[in-house]
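See structure below.
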């Protein structure tokens, strides 16, 4: 006999998630992801996954939760807002079109590493359910395994996948993390949350304003062009033809979200762990370029930024300094950094590019 939750218990779970864990929303979904297989396979066929080989591996486990975690009968899906400042589309568009010497870091990385924050909350939620039922077997995921978080959230009625492939929600916008619990509970008898209709309509804002043209038809992202991929997941050289377009974005890119009309109303997070770290936000590029590896380790402790490593961090900043308004100090700082990376050809290549770019701007 499968373990179930009563409607009253399910309400207790939702109340605990919102009130005690500060999660933004919670729902449940079944395990049938078959409708998403053609979409995913087409994305792979187009080579939009770049060199992310883990997106190819694991076979059917990505689409059949019970294969990844045997005994899974249902999926519990939760979201957690991370937006730490108001967004106004008109203001953002103007800012994004203005060149500056200030580093641009994706909002999600301003605070504590979301993997740690979200997983801790989901684990507490799973344990709370176990207290209610006894025998609750579960495993939590947040962007860390072959799990289709966005499709599962869409099935759970927490939003729709927009043209940017981000999960959208009229009330929450898109600035939220998604976490899931693969559970042995049978939640099929509980009422489903109503599905969200795709409300993007004819809007093309994210497509038109993507700096590198990474947003493709069919709600697909070409990772090979995506600045988030290029500055975070990419371990090698950033393609020459895309360097100018990266601007001063040194870690990730929020452009497709910042220009989305639904984010005009996105709520500000109340999660303390996601508040801005002063030493990462609105910082002059040269100040960050001057960091030593020891500084990098110190200031990125507990941050998702730590994952890319110091060399990639300097690689990214070099591109941004090259793209910033001309200043002789930029060239001097880049030349000085070359001494530190004299045995690292990858970083040297980007430092040299930035120096030449600054000379062209002079």
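Note: Cβ is positioned from N, Cα and C throughout, glycine not excepted.
Residues annotated as active site, proton donor in Swiss-Prot: 143. According to Swiss-Prot, the feature [4Fe-4S] cluster 1 binding site maps to 200, 203, 206, 260. The annotation [4Fe-4S] cluster 2 binding site is assigned in Swiss-Prot to 210, 226, 253, 256 on the grounds of sequence analysis. What Swiss-Prot lists as domain '4Fe-4S ferredoxin-type' is 191-220, and the listing cites sequence analysis.
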Compare the Cα of residue 206 ([4Fe-4S] cluster 1 binding site) against each of the recorded positions 143, 226, 253, 256 and report the nearest.
256
When the pLDDT values for the domain '4Fe-4S ferredoxin-type' (191-220) are averaged, what is the result?
97
Rank the binding-site residues 200, 203, 206, 210 by the number of other Cβ atoms within 10 Å of each Cβ, and give the residue at the low end.
203
Other same-chain residues whose Cβ falls within 8 Å of the Cβ centroid of 210, 226, 253, 256, the recorded [4Fe-4S] cluster 2 site, in sequence order
164, 206, 211, 212, 214, 215, 221, 227, 228, 255
How long is the line from the C-alpha of residue 256 ([4Fe-4S] cluster 2 binding site) to the C-alpha of residue 143 (active site, proton donor), rounded to the nearest angstrom?
20
Return the count of C-beta atoms lying within 10 angstroms of the C-beta of residue 226 ([4Fe-4S] cluster 2 binding site), excluding that atom itself.
26
Rounded Cα distance, in Å, between residue 203 ([4Fe-4S] cluster 1 binding site) and residue 226 ([4Fe-4S] cluster 2 binding site) is 20
